[in-house]
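A.B. asks: Annotations per TrEMBL:
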DOMAIN    41-289  domain 'G-protein coupled receptors family 1 profile'
TRANSMEM  25-52  transmembrane segment
TRANSMEM  98-120  transmembrane segment
TRANSMEM  140-163  transmembrane segment
TRANSMEM  204-225  transmembrane segment
TRANSMEM  237-259  transmembrane segment
TRANSMEM  271-289  transmembrane segment
């Protein structure tokens, strides 16, 4: 362990996927398309919400924040992964790796908080419709958004600084397509027990957002069931459907990753699951909120005209 103190890590070696060159080209083509769809789709959502006064509501304000984070999310990871597949140059500098880790954690934590904020917005809209405009003011929405960004930025910075203090003297080969927390901890030659405990606490704190979302929807469903008219029930639930789908897409792969048993193919499965929440989910979010939302489709029609 003492021999590691004088070793300075300058770069890491990423190993995206164990496939043939033909499969690499197929993966490159598919995820180049995914990246372009994710960026263009989310930018269209942002432009629509900014341009159309009809969409200047709390729900679409938070959706605009979500789309902005998704653009950063995919742009932080996918271009580097595509470059590795295309050029077969798999090296990433230590500073580049730490920077990528920071933005990955920042986007993941921020999206977690934004989804909880959107759940609260739907809860107030359905459970307290008469007080909605009094509660969900522009000032409150701005405070919530700034708080989400600030907490995520500070929290991610602290965790990234902790990771940057680790020693890596036995191997610099990261068995992943980007600098993620678990592969870096597994690679480190330092004692990571205390750090793993910190990240476990982070996971527990993060799970409170998911519990908050579940609790909000329990209250929402309870309120909807009290509505006598079936048309009223459908209208209330339809206003939540896009958010419910987004929550399932975001939390589903993460929950499955942490609950699945370890196996010989576990590392490759982790890579595939990681691709779902860092690439596929940001690509699908604009489609979920546009194809299932008459307001967004109407706004798109107005802008197109």
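The backbone N, Cα and C atoms fix where each Cβ goes, glycine too.
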A.B. asks: What stretch of 25-52, 98-120, 140-163, 237-259 shows the most Cβ pairs under 8 Å to the transmembrane segment (204-225)?
C.D. replies: 98-120
A.B. asks: Do we see three or more Cβ pairs under 8 Å linking the transmembrane segment (237-259) and the transmembrane segment (98-120), pairs being at least 6 apart in sequence?
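C.D. replies: They do touch: at least three Cβ pairs between the two stretches lie under 8 Å.
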A.B. asks: When each of 25-52, 140-163, 271-289 is checked against the transmembrane segment (98-120) for Cβ pairs under 8 Å, which one has the most?
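C.D. replies: Maximum Cβ contact count belongs to 140-163.
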A.B. asks: Please report, as numbers and ranges, the same-chain residues at least 6 past the borders of the transmembrane segment (140-163) whose CB is under 8 Å from any CB of it.
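C.D. replies: Sequence-distant neighbours of the transmembrane segment (140-163): 58, 61-62, 65, 98, 101-102, 105-106, 109-110, 113-114, 117, 181, 184-185, 195, 198-199, 202.
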